[in-house]
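The structure appears below as structure tokens.
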Amino acid sequence: VILTEYTYQPPVITTQPESVTVFSVEDLVMSCEASGNPPPIFRWTKDGEEFNPGSDPELKVTEDTGSFAFYTLSNTMDTLKRYQGKYVCYASNELGTAVSNEAILTTDAPPTQQKEKKVNVKSEQGSSIVLKCNPPQSSMEPIIHWMDTLHHIQLSKRVVAGKDGNLYFAHLTTKDSRNDYTCNVQYLTTRTILTKEPIILTVSPSNSVVRSKRPQMMRPTGSHSTYHALRGQTVELECIVQGLPTPDVSWLRKDGELSESRTTKEMFDRRLRFSNISESDGGEYQCIATNSQGKVTHTFTVIVEAAPYWTKEPVSQLYAPGETVRLDCQADGIPSPAISWTINGIPLSAIDKDPRRSVTPSGSLILNDVNFGDTAIYQCRASNKHGTILTNTNVYVINLPPQILTEDGNTYTFTEGQKALLECETFGSPKPKTYTHTTHTHTHTQTHTCTVSLNNGCYLHQMQRVSVSYISLLSPPDRTVILSPPQALKVQPGNTAIFTCLAQVDPKLGPQLILWRKNNQKITMMAYFHRYTFEGPDLIITNVGPDDEGVYTCEIITKLDMASANGTLTLCDRPDPPFQLQITDPKRREVTLSWTPGDDHNSDVLEYVVEFEDQGSKERGWEELKRVRGDKERASLPLWPYMSYRFRVIAINDVGKSDPSKPSEIHNTPAEAPDNNPEDVRSESADPDTLVIMWEEIDKRNFNGPNFIYRVLWRRAVGSGPDWHINVTTAPPFIVSGVGNFSAFEIKVQAVNEKGQGPEPDPVIGYSGEDVPLEAPMDVGLVLVNSTTIKMTWAPIDKQTVRGHLLGYKIYLNRTGSRAHPRAKESEGSMVVVTGPNVEKKVISGLRPFSHYELAVAVFNSKGEGPGSETLSFRTPEGVPGPPMSLVLDSPSETEMTLHWTPPSQPNGILIGYLLQYQRIVESDDSPMQVVTIEDPTVTRLTLGTPLDRHSHYRFYLRGRTAAGDGEPIMRVGATTLDGEPPANISLSVGENSVNLSWVTKKRHRNVSFQILYLNKNDGSKWKRTEKVNSSQSFYQLQGLTPGSHYRLRFIHKNTTFWETDIETEGTGVKEVQTSFATQGWFIGVVSAIVLLLLILLILCFIKRSKGGKYSGKGMASTQSKCPVSLCQPSPLQLSHQTCSETDL
């Protein structure tokens, strides 16, 4: 039997009150939730004093079982300031009091748009500049975006947005000119976006070559900064630099290495960001900015401290009477926190002392021999200067026998990876000990027995777990996990929605089934025709409409388990335009515009854009006037005097912009005198005897009334008396003639309309047109410092003769020739050195020694240069020569070295010889330097007399010499050439008709020639010889070989074989033909004898015919009839049977 007292539960704070900054009356809500039995009773303290929200008529209290909240009924922010403070919630029942964390309530006004003047910034190409944002002060951290009319400003290493919101340019280019640099300030908490007045930036091209500039720090300034941070915070160090070319920025930690896990570089390496900073990150960091002109550094000292955090918290438990309770409470922080204890929210110091209760030096609370009266909730509090943390611990003193609460006979089936929890819930005080015993009943079942015991009893409880199979018992399958669940989709009507459901399924679980449901109803393709299709893990819905909205569930089903995940489909679209625009509360320069929102189509309106159209300048179209938050339905609009307005409103959500609303009725503002005078009043006088007065024209909207004109006033700055010359014009410039050259005037321009004048303008100084200077500098002199440097001086110029702003002096230097060739007077080079206006001496370097020069000095202003001073001629003394133009090393033998060189191109004097230095190169670099002095300047070749080490390399330095000393050296590294030898380690690559031979050529060795002898072992031919091969070739191809043949290769150098080998060519060789009888000797002899016999018979036949020709024709005729000619030409087969007898003939 479970004792009734154990159904009581001490209070536990389940929802802590949260600190809040109140920007509007809706924000003031303070709530606290707690569990317990009996249900807890709530009370509050404010700044340590009891606070009853229910007794305050300005507050509304909502109380429910386990929760308590209060909020304000006031409609004004002023009444909320008295509720600022630190609040603590207390929840109590019969078992004690739980204490919440401290919640701080503060109030702040939401940031608002301030009226600003339009800023016009001008600068020159190559200069650096900062465009200020100046966001309104607020307790919220703003998000800054720099934009033009439609797009974000492209940021880069050259153009950087600082943490202060400003836009920094390391150097300007003409492409940076823009009239709409707009800083947008966003406050997420109040959902406010403030658009600052656009800044006009004009970058004028430089009149001269843009000079490179060393890096300089723009933010922070100086060379050292200190940052304080709390553990766990995000900290950013920032280095923004200027320079040309754009500097590169790198970061290092001076006292260690940067943490790769907690530090990242952002904003093109201009920021070093610490995420979740820890105490180990404290130290010195340095940013280094470099370009081709130099570098600059800034050091940051980062000091990391920590608010208190728990390292060990006490545990709530049941205790039996007489036990000793130890509540260990340990916390850390910087500085180290102090530990204190309260009981039911009451400090120990305010409770009667009890010898059974003590606190150790480490902060642990020890209760000896506890009794039922010690049941309470104990609070451990850790505090330092950065904050306080608190934890509640329940101590429940009770005496109960052990019991098992879990039912018998429970059966569990699991897959691997699932949490296999075999329940064995116990009860008792003190806490019972649990024992588990396992018995194998058969191959597929295990029985687990749970035993609990206390001094007064022992109880048994049995559970069974049955696996699916013997195999799964040995190697159970992994549970099915959905890796990529369906998402919450917002889709416009007519578009396609795709839900993806990717899962990891163990192959042991067999094939998976993917089932999709919509609003818990199974989806079939037949039900939704062709718009719903399944492609692997994807559900694709085309041409989405209103009927498709709902909750979509993906189910991955296997034979052992199932996993599911949900996603939603919501139709969204651009909002409908607002309607019912009304103008109320009209004032001289302000009006209130209200409207009724249109349908937002399931996508909250983020903001409204109020636009206006000037009825007097319709060609300008509709222009943006103000933006307000999406939860507002009215806006106070600032207006210009003397304008005719129509307004319209556009709603914006995540999908896009609505169509514009219908225009409002026309609203006219009355005329007033001008608010401002023209800016940038100046003189731009270019011609002598003329004063040209210029200014920036005022925008037509700032005329503030009809008949607008400019009132121009001027007078001489000195000696002209108090009277002003006055004239009017409608546009700049205003030109005054006959005023003399470069005379100073006070000038001012005032705006005037029919209603009156603008404020009294302040005068500025301007000058009439300049003319070229009249005189040249006097007393020009120079001093020779050395062979390449002179020091010049001159008397200051009379400012009256400059006839303009003195910009400086120009020194013209012309080299007329070398002193080595005095008759040559041609100009060989000139330079112009420009100085500032207050310079009266100049050191000029970079001259050529041993040369003739002429120089002159002139003064210049913006109109041009004055006459030059008298030409001074001077000669630079002899200097040391430049390096020889070339140096070539040649080694005729293993120990000899010959040097060939070309004289210096710039002897800077008369060459008197050369100085040769050389030393052997060794690892210690301390070998002695050998010196050879060459007295003859015409010598350009030298063979060293001292033998060199054939195994060493040498470093050679050759300098020219003049009377002024030794010149710059030309240096070469070389070594002698060694005697050649045939190659070794020859590699072969054999083909059908050739073999490729390759070897490594030895460095520094002379070339030697060798030959290759080769013999075909198959055909019995003789040795063949190649042409001569050079060892420097490193490759040779031996061609003309017979496929499928064995060859012997022999490599010969100086009639000596230095390497030989056997090879076999690839392919098939010519096979031997079988001998026939026609090729036998006896057969050939027989045939030859027969042919010879036939020839003899033919000859005899012709002889007999010749003799028969001397008889008469009769006898001839008879002869022919008896012995035809054919019979005298028998074939070889007829020879023995047919003959011609003498009587026949």
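All residue numbers here begin at 1 and follow the chain in the order shown.
Every residue gets a Cβ built from N, Cα and C, even glycine.
So that you can see what the record holds, here are the features copied from TrEMBL:
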type	residues	note
DOMAIN	11-106	domain 'Ig-like'
DOMAIN	110-195	domain 'Ig-like'
DOMAIN	215-303	domain 'Ig-like'
DOMAIN	308-396	domain 'Ig-like'
DOMAIN	477-570	domain 'Ig-like'
DOMAIN	577-672	domain 'Fibronectin type-III'
REGION	658-686	region 'Disordered'
DOMAIN	677-771	domain 'Fibronectin type-III'
DOMAIN	776-879	domain 'Fibronectin type-III'
DOMAIN	883-980	domain 'Fibronectin type-III'
DOMAIN	982-1078	domain 'Fibronectin type-III'
TRANSMEM	1081-1103	transmembrane segment
Dominant neighbour of the domain 'Ig-like' (110-195) in 308-396, 577-672, 883-980, by Cβ pairs under 8 Å: 577-672
Other parts of the chain folded back onto the region 'Disordered' (658-686), taken as Cβ under 8 Å at six or more residues beyond its ends: 117, 120, 574-579, 581-583, 586, 588-589, 591, 593, 595, 598, 611, 613, 615, 622, 639-652, 692-698, 702-706, 708, 710, 732-733, 745, 747-759, 761, 764, 766-770
Average pLDDT across the domain 'Fibronectin type-III' (776-879), rounded to a whole number: 88
DSSP-assigned states of the domain 'Fibronectin type-III' (677-771) in counts, ordered helix, strand, coil: 3 helix, 47 strand, 45 coil
Secondary structure composition of the domain 'Ig-like' (11-106) [DSSP: H/G/I, E/B, coil]: 12 helix, 55 strand, 29 coil
